[in-house]
Amino acid sequence: VKMPTVLGLEGSANKIGIGVIRDGEVLSNPRHTYVTPPGEGFLPRETAKHHKEWVLKVLREALVEADVLPKDLDCIAYTKGPGMGAPLVSVAVVARTIAQLWDKPIIPVNHCIAHIEMGRLITKATNPTVLYVSGGNTQVIAYADRRYRIFGETIDIAVGNCLDRFARVLQISNDPSPGYNIEKMAKKGKKYIPLPYTVKGMDISFSGLLSFIEMAANTKIASGECTAEDLCFSLQETVFAMLVEITERAMAHCNSSEVLIVGGVGCNLRLQEMMLVMASERGAKLYATDERFCIDNGAMIAQAGSLMFSSGLKSARKEELFEDSWCTQRFRTDEVEVTWRN
Ligand SMILES: *[C@@H]1O[C@H](CO)[C@@H](O)[C@H](O)[C@H]1NC(C)=O
């Protein structure tokens, strides 16, 4: 079977990324990140403005680097959701426009599923239990009966959001990402400050922990009881232990021999190290990717779009697909029927 050539567009958070995939090969995957000043997060309106400014440059780069012309593409895939409304729309508009202009089928992709499929493609994991951790999402997922089922998830904020907001309290740089700079500081931490450990059955909570460590930053650093580095270290150790615990329980339930970490927080080497200890003790294998693929990118949308196209949407009418090319801030992982796996 000839695999299609697919262009994928992603912009559900603060990165605009466009990639081209053919036969599971990444032909191009450029990306541009909206970086805010220290102490500031990214807001929907400004993030959408960033994407609008960059989307055509990134699109041209994706096509040139892949050495493909619009006529070589079989379909256009874009992020339908979940994500921030205005950034999602700013990219969906471009996807709809080029699909019309170039007369291509348009494929709406679930962002979380794109992370899972990109992780499976790059690492060759076949049926892993998945930990998906990013600035907007925290879920433990496993495949069963044509769905990616959510075994556990955050009941308030995402783990990446917890790290990002703590970075803001410390006024750490957001370049290249707040999480990367927390990871760097955590390596210099020596003293573990006990923090609330909030695992609730298979679910997990971070907002109380964030309030607690924000207060600790305001009191314990000034009093000399600990350093900012100690707090970064303690925060990582605590939240990653919580994530590894619920992942292990899902693996035990599913009798998994593979665990895959995806999402922006997934490039954190300390998280990978802690997960590896757990996986090794269970006789399971750990799979993870580097920042090119675990951070939001266009190729992952192209890969999920490619699987959806080949396993059914190929026979859909272009007009019908176009009618269905909307986006939504809320779109759960288990809403999608996984037509490409048995
Ligand atoms: C669990 O998986 C292993 C192989 O990974 C297999 O040998 C074993 O029989 C499985 N156990 C159950 C209860 O399915």
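Yeah, the Cβs are placed from backbone N, Cα and C, and that goes for glycine too.
The C-beta environment of Asp296 (divalent metal cation binding site), restricted to residues of the same chain at least 6 apart in sequence and closer than 8 Å, consists of Glu10, Ser12, Ala13, Lys15, Gly17, Arg31, His111, Ser134, Gly264. Residues annotated as divalent metal cation binding site in TrEMBL: His111, His115, Tyr132, Asp296.
Annotated substrate binding site per TrEMBL: Tyr132, Val133, Ser134, Gly135, Gly136, Asp164, Gly179, Glu183, Asn268, in sequence order. Around Tyr132 (divalent metal cation binding site), the same-chain residues six or more apart in sequence whose CB sits under 8 Å from its CB are Cys112, His115, Ile116, Thr138, Gln139, Val140, Ile141, Val262, Gly263, Gly266, Thr333, listed in sequence order.
Across the domain 'Gcp-like' (31-302), mean pLDDT in this model comes to 98. Taken from TrEMBL, the feature domain 'Gcp-like' covers 31-302.
Under a cutoff of 8 A between CB atoms, and with a sequence separation of 6+ in the same chain, the neighbours of Gly179 (substrate binding site) are Gly135, Gly160, Leu163, Asp164, Ala167, Gly264, Val265, Asn268. Long-range C-beta contacts of Gly136 (substrate binding site), restricted to its own chain and to partners at least six residues apart, with a cutoff below 8 Å, comprise Ser12, Ala13, Pro82, Gly83, Ala158, Gly160, Asn161. Asn268 (substrate binding site): 25 other CB atoms within 10 A of its CB, across all protein chains.
Sequence-ordered, the extra residues of this chain that approach the divalent metal cation site, with Cβ no more than 8 Å from the Cβ center of His111, His115, Tyr132, Asp296, are Cys112, Ala114, Ile116, Ser134, Asn137, Val262, Gly263, Met300.
Taking the Cβ of His111 (divalent metal cation binding site) as centre and 10 Å as the limit, one finds 26 other Cβ atoms among all the protein chains shown.
Look at Gly179 (substrate binding site): DSSP puts it in a helix.
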